[in-house]
Amino acid sequence: MAYPFQLGLQDATSPIMEELLHFHDHTLMIVFLISSLVLYIISLMLTTKLTHTSTMDAQEVETVWTILPAIILILIALPSLRILYMMDEINNPSLTVKTMGHQWYWSYEYTDYEDLNFDSYMIPTQELKPGELRLLEVDNRVVLPMEMTVRMLVSSEDVLHSWAVPSLGLKTDAIPGRLNQTTLMAMRPGLYYGQCSEICGSNHSFMPIVLEMVPLSYFETWSALMV
């Protein structure tokens, strides 16, 4: 969960998000080293009077500044491709949930059950209870089992939306006429908040997402009551 004045990313709750955090730190360190080198060279150019106006050819320097950026790009691309492959891989999901974006709410359907579906609307500010979060609470939470692979099928009934939950490393476009899929696995129980991340109209800011991750026994009890 995010907190006021937070500068970093949210705490990782899924293996994918942990990998994304490691990749973020890896890339940030490379950017920091490059920036430091560039600033050092600029400071030398501004403070020294030594110049080489007669230099017409520098094969060694040209070779270095051609090969070095290529190596840096490879060091960034390899872990990135690995994470992209992990995010795209879906093996034997334990549960499938179909979510549809609407202007301006989400609807969910548990496809493994015969009649388990509902709409999820934001709770208006004037109806919030003490301790609830403004613009993030919904009337129907998406209850899912923790430590199990869940496949999310994402689409839209009208315009472009985007189903995103930052702490799980999820962001999938909801496109009319197209069915996108992603997987999630939460390692800890709790409430995880997200929002529509694609500008979809006047009430775009009022399409929150709330996932309630619970142990399998609680999920089975909840699903039995809902059906």
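For all residues, glycine too, the Cβ spot is worked out from N, Cα and C.
Per Swiss-Prot, Cu cation A1 is bound by His161, Cys196, Cys200; the candidate from Met152, Met207 named for the same site is Met207.
Long-range Cβ contacts of Cys200 (Cu cation A1 binding site) within its own chain (separation 6+, distance under 8 Å): Gly101, Gln103, Trp104, Val159, Leu160, His161, Met207. Looking only at the binding-site residues Cys196, Glu198, His204, the one with its C-alpha closest to Tyr218 (phosphotyrosine) is Cys196. Excluding the listed site residues His161, Cys196, Cys200, Met207, the same chain places Gly101, Gln103, Trp104, Trp106, Ser162, Ala174, Gln195, Ser197, Glu198, Gly201, His204 with Cβ atoms within 8 Å of the centre of the Cu cation A1 site Cβ atoms.
The separation of His204 (Cu cation A2 binding site) from Cys196 (Cu cation A1 binding site), Cα to Cα, is 7 Å.
Note: the Cu cation A2 site is recorded as Cys196, Glu198, Cys200, His204; in the same chain, Gly101, Trp104, Val159, Leu160, His161, Ser162, Ser197, Ile199, Gly201, Met207 also have Cβ atoms within 8 Å of that site's Cβ centroid.
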